Structures are given as C-alpha cells and as structure tokens.
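Database features (TrEMBL):
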type	residues	note
ACT_SITE	Asp192	active site, charge relay system
ACT_SITE	His225	active site, charge relay system
ACT_SITE	Ser375	active site, charge relay system
DOMAIN	183-408	domain 'Peptidase S8/S53'
SIGNAL	1-19	signal peptide
Amino acid sequence: MKQSAWLTLFVAALLGACAPLRPDSPRNTPTMEAAARPGVAAAMDGTRDIVLAVANPQDAPSTHAGSTMLGYVPAANYDAGQRALSELETLRKQYGWREVTGWPIKSLKLYCIVLEPPAGMTRDALLAMLSKDVRIALAQPLQDYAVYSGKPARPHQYNDPYANLQRGFVETDAALAHGISRGDRVHIAIVDTGVDLTHPDLQGRIHDSVNEVDDNAQRFNHDPHGTEVAGIIGATGDNHIGIVGMAPGAIISVYKACWYPAEVQQGARCNSFTLAKAMAAILDTDARIINLSLGGPSDPLLDKLLQQLLAQQRIVIAALPPDGNRSGFPDDAAGVLVVRTGNTTPAPPGVLSAPGRDILTTQPGGGYDFASGSSMAAAHVSGIVALLLSLSPELDADSLRQLLLGNGKAVGGAQQVDAAAALNALGREQLALHH
C-alpha cells in the first residue's frame, strides 16, 4: 500500500468513518451429514465409547454446486466407503462391538466409526487389543469437550450504555480500527453450539450453517454459547439496534459440534465425533480463521485434523482452559493462537489476553445479555485477526501473534490486545517495506 493511501485510511480511523456492510446470503436452515442420526451425538458416552478408523484410500466422487458440506457426505456409489465398511464388518465380528455411527474423513483417507464395547468388556481392555491390530489405523477413547464460558454476570446500571455495555469493543479500540478495516472478505468458521440465525443483529451475517449434532433447527437457534460468540465476532453495525461485532464485514460460517445436555444444568459439551466432522468439513471450505472457544483432552484424530488446518495456513484461535493449563486440544498445538481472559497478572508466554468478563453480546430470542469466559476473549481475537487479514492476507499465525502481543495496551495492570494499535503497527510495517 502506498504511503498516501495508508495515511488516508489512518485519518479515516481518527474520524471513525465506517464502510457500509456487505450483505450475505445465509442458508437459513442448518443441515446435517447423512450418517448422523438425530440425537446420535448426545447419546454417545464419553466414558464408554471408542473412536476407531481404518484406511479408506480411494477418493470420494467429485461434488456438485450446493451439495451438503461441500462433498463431506458420500454418495450412494461411494465405493471407497464400501471397502472400509467391509473391513469394519470383519473386525466387528471378531471383537463383538456395537457400532454407533460411522463417517468418512476424505482429507485423512480414513473411515471412522464410534463404537460401544461388547457387554462385559471394559473400554481399556478393548483398546489394548485394538492397538495391536495392524488393520486398524487409529483407536482411541471418545473424548468429551466443553465450551469455556462463565456464569452470566448481572447487568450493571451504566450511566452511558454505549460507552460501558460493549466493554470488549471499547477496550480494544474496535471503533477506531473499523476506520481502517472491517474484516471484509475474510471467512471465519465458528465451531461451537448452534446460533440464533433469526437474531436481528445476526440476520444476514451467517453465510452458512452446518449441524453436526442433530437435525433440530429450533434447538440450533436456541443455543446460547454459539450465539454469544457469533455476536462478539460479527454482529451487524450501523443498524440502530444492539451491538457491533469486532469484524462486521467478515464472512461467517457456523458449525454446530456442541450441545446442551437436557438432563443436567451445565455448559455445552462436544465430543471427538462431532468435532472431527466439523473440522473435516472446514477443510473443504475457504475459511481462513477457525474459532474454537472450547477444549478438552488431547485427541489423536482431532490432532491430525488440526495439523492439516494449520498446514494450510488457517489461523486457529482457541480459548485457554479455566485452569490455565495448556495440555489438551486444541490449545497445546504449536501454531494455535491461544487466548485468555484479560487479567491483572501477566499472561503465560505466547498467550494473548482479551476482554472476557461481563461482555454484552447477542442471546437467543433476539435479546442481549452479559457473558464471561475465555470463549468470549477468543471471539474478540478472531474478530481482530479478521481485520488484519483483510488488509494483509499473507500474514501467518506467528506474524499475527507478534503483532498482537507487541501492540497491546495496559488494562487492569496487564497487557491486552488492541485492534487499532495492531492495525496501525501493520500499516507502519507496510509503509517501511515500500521505502
């Protein structure tokens, strides 16, 4: 970018100018992959079930425009799957398991199933036998994961709601940053619960939605956590209602891989099965940013898919677990941008800090409320990264991390990301390259 052009953008930032929002054409009804029966994910048992994979070397047939999940669903003549299924049937007869569901992951050339051990056999005992079978490419426990959100805070009585209610938006100087970039043309994939696609501040903002849990569209629209994350990232600006997202010009896709258990009052959960399907589907899209406001134990299958995403220069943004321990999926992988809630103490090396307490955001049913947790902090960073990539698509994860770590500001006694400062630093770097 030439110096005069960048200075023009910089002046625009100071004046708070904003470009008009480009409308999207969302798919209003979430879809599901054909192999997943309604409620099958929620019926799985993370203390009992096993994820198993066998080689599936043949490529899936080419897809046509508009096909569900960009080719992730096998057609009726999917012969590669039949070869793997024959192998699995032989194995099933030998080991006596009950198959819960199965699906191909073409990017890994594997066919995976979730299985229940036979009666009278523990999971560990069956895994010990499966690990010695050369016909099996992968055998692991079905892991459980959770989204990272705190209990909603009580709304405060603010004197100036525009200055105080959007705490994260204000603390990161997002309004100033929008004079330079609004995240236009950058595709963000949110892997989370469902999202209220009918919310006035999200209507027209969700480019695509995929349901990897069930086929319940009503439940999809009533999920809080994903709605909160989506609002922070991409709520519509300049529409005279509600809030403004961190990247109101970005393209957003939602992959529901987490759900709320009906029998207990607790946060949303996910598992190896639903997360693997979502990540495999994203590999078939042009999404540049993947927001994972969730986490749990390390998982061999999910790690393989995560490494493929990173190898393709996707920017993966993860929430730091509440205990601050980076020892699981996805936060322990090199190349992942890990985000914690801003604190009064310094962040661990390489970890970003962002607003994550009492964040006003969208809620199912068209409302707004406060949400807390590192999930919200990660959503802020996903939005800021979209602003940066919109100007410089060539930026990689390390460059983005350094920009954000080196150009933050002190909030509450510790450094926190600052959207405007990071964009201005990027502008200075670009000017220097042209002189």
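Residue numbers in this text run from 1 along the chain shown.
Each Cβ is built from the backbone N, Cα and C atoms, and glycine gets one as well.
TrEMBL labels come from automatic prediction, so no person has curated them.
Using a 10 Å radius centred on the Cβ of Asp192 (active site, charge relay system) and all shown protein chains, the other Cβ atoms total 28. Counting every protein chain shown, the Cβ of His225 (active site, charge relay system) has 26 other Cβ atoms within 10 Å. A gap of 9 Å separates the Cα atoms of Ser375 (active site, charge relay system) and His225 (active site, charge relay system). Straight-line distance linking the Cα atoms of His225 (active site, charge relay system) and Asp192 (active site, charge relay system), rounded to a whole number, equals 7 Å. Its Cβ placed at the centre, Ser375 (active site, charge relay system) has 33 other Cβ atoms within 10 Å.
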